[in-house]
Amino acid sequence: MSLVNAAHGRSEDTSAVHPTGERPHGDRRSIRRIVGAYAALAKPRVIELLLVTTIPAMFLAGRQIPSPWLVLATLVGGTMAAGSANALNCVIDADIDKVMNRTKRRPLVKDSVPRRGALVFGLVMGVASAVVLYFTVNLLSAILAVATILFYIFVYTLGLKRRTSQNVVWGGAAGCMPVVIGWAAVTGTVQWPAFVMFGVIFFWTPPHTWALGMKYRDDYERAGVPMLPVVATAQHVARQIVIYSWVMVAWTLLLLPVTSWLYGTFAILAGGWFLFYAHSLQAAVRRGEETKPMALFHRSNTYLMIVFVALAVDSAIGLPTLGLPF
């Protein structure tokens with residue numbers, strides 16, 4: 001019995017095998033579907049943005065382009081860690097995913113992957129991430145990756161997500177860890193610039209997630225997840241988005257002592273651009289006009305990418321740092 005058919009509890013149909021010994025196209029398509037379903041558990045689009053922040057952190061840590069092999073090893077280990085956390089999250093949240101339009105196409109909801117298979121996949125990915133980081137990077141990066149997985153599952157998913165409107169504020173700390181892991185991969189330590197980068201993503205997460213929550217408010221309410229847009233007025237949510245956005249932009253400037261005018265210029269210009277749209281959303285809410293929170297959501301992704309790419313380029317070029325006394 002083939003592995004594919006065994007996974008679905010079917011007996012193997014030998015009549016479907018071609019005389020040449022080749023497997024039928026349908027069998028290959030089935031394998032691709034299964035692989036695709038397991039890959040979807042890891043939420044690759046979420047991982048993509050997290051990894052965009054890891055590489056610049058590695059550049060800044062050494063103020064130069066790091067070893068390509070070190071970058072590759074860190075990204076592979078980091079991807080496995082993030083995939084583990086996301087897969088285990090899907091297992092825990094399968095009950096609410098099936099009642100939300102935004103998540104009803106996830107593999108566990110569609111029965112594309114058995115629950116036990118998803119659990120094993122998540123656990124194996126977590127162990128593999130620790131092994132890869134320990135043997136190819138260093139012990140500290142492996143410890144940080146495991147701590148991130150545990151925090152995301154036990155503190156955010158099981159502890160905060162369904163209990164408080166501040167779930168993404170404190171639970172979002174897990175999403176900040178890739179920059180710390182990237183820094184630790186290069187230096188073997190964790191120093192203050194790593195915590196500043198951590199803070200940038202920490203303050204970026206609420207505006208980013210609450211904009212999404214405004215769009216899918218009914219989804220979260222139906223699932224019983226007390227996101228801020230569910231339990232508070234639109235005016236309050238918009239005000240909180242503006243407050244966190246200002247803190248985020250100001251926080252990016254704390255990296256000026258270890259960067260040059262290049263990073264500072266992009267941080268200020270990108271910050272002003274994002275603040276304009278955050279205030280525009282708040283103004284539309286105040287006037288009772290139709291809002292487009294997803295526009296801010298997508299711009300938040302662009303903003304974060306601009307800031308961290310500027311950080312990487314600044315470090316790679318090696319321009320003199322500003323060295324401001326704060």
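Even glycines carry a Cβ here, placed using N, Cα and C.
Copied over from TrEMBL:
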type	residues	note
COMPBIAS	9-27	compositional bias 'Basic and acidic residues'
REGION	1-27	region 'Disordered'
TRANSMEM	46-63	transmembrane segment
TRANSMEM	69-92	transmembrane segment
TRANSMEM	113-135	transmembrane segment
TRANSMEM	141-160	transmembrane segment
TRANSMEM	167-186	transmembrane segment
TRANSMEM	192-212	transmembrane segment
TRANSMEM	237-255	transmembrane segment
TRANSMEM	261-281	transmembrane segment
TRANSMEM	302-323	transmembrane segment
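Taking Cβ pairs closer than 8 Å, the transmembrane segment (237-255) reaches residues 60, 193, 196-197, 199-200, 203-204, 206-207, 210-211, 213-214, 228-229, 263-264, 267-268, 271-272, 274-275, 278-279, 281-282, 285-286, 296, 307, 311, 326 in its own chain, all 6 or more past its ends.
Remote same-chain residues near the transmembrane segment (261-281) are listed as 207, 211, 238, 241-242, 245-246, 248-249, 252-253, 255, 291-293, 295-296, 299-300, 303, 306-307, 310-311, 313-314, 317, 319, 322 (criterion: CB distance under 8 Å, separation of at least six residues from the stretch ends). Taking residue pairs at least 6 apart in sequence, the transmembrane segment (192-212) and the transmembrane segment (46-63) share three or more C-beta contacts under 8 angstroms. Note on the transmembrane segment (141-160): residues 74, 77-78, 81, 84-85, 88-89, 92-93, 126, 129-131, 133-134, 166-167, 170-174, 177, 180-181, 184-185 of its chain, located 6 or more positions outside it, place their CB under 8 angstroms from a CB of the stretch. Proximity of distant same-chain residues to the transmembrane segment (302-323), defined by a Cβ-Cβ separation under 8 Å and at least 6 residues beyond the stretch ends, is recorded for 49, 52-53, 55-57, 59-60, 62-65, 197, 200-201, 204, 208, 252, 255-264, 266-267, 270-271, 273-274.
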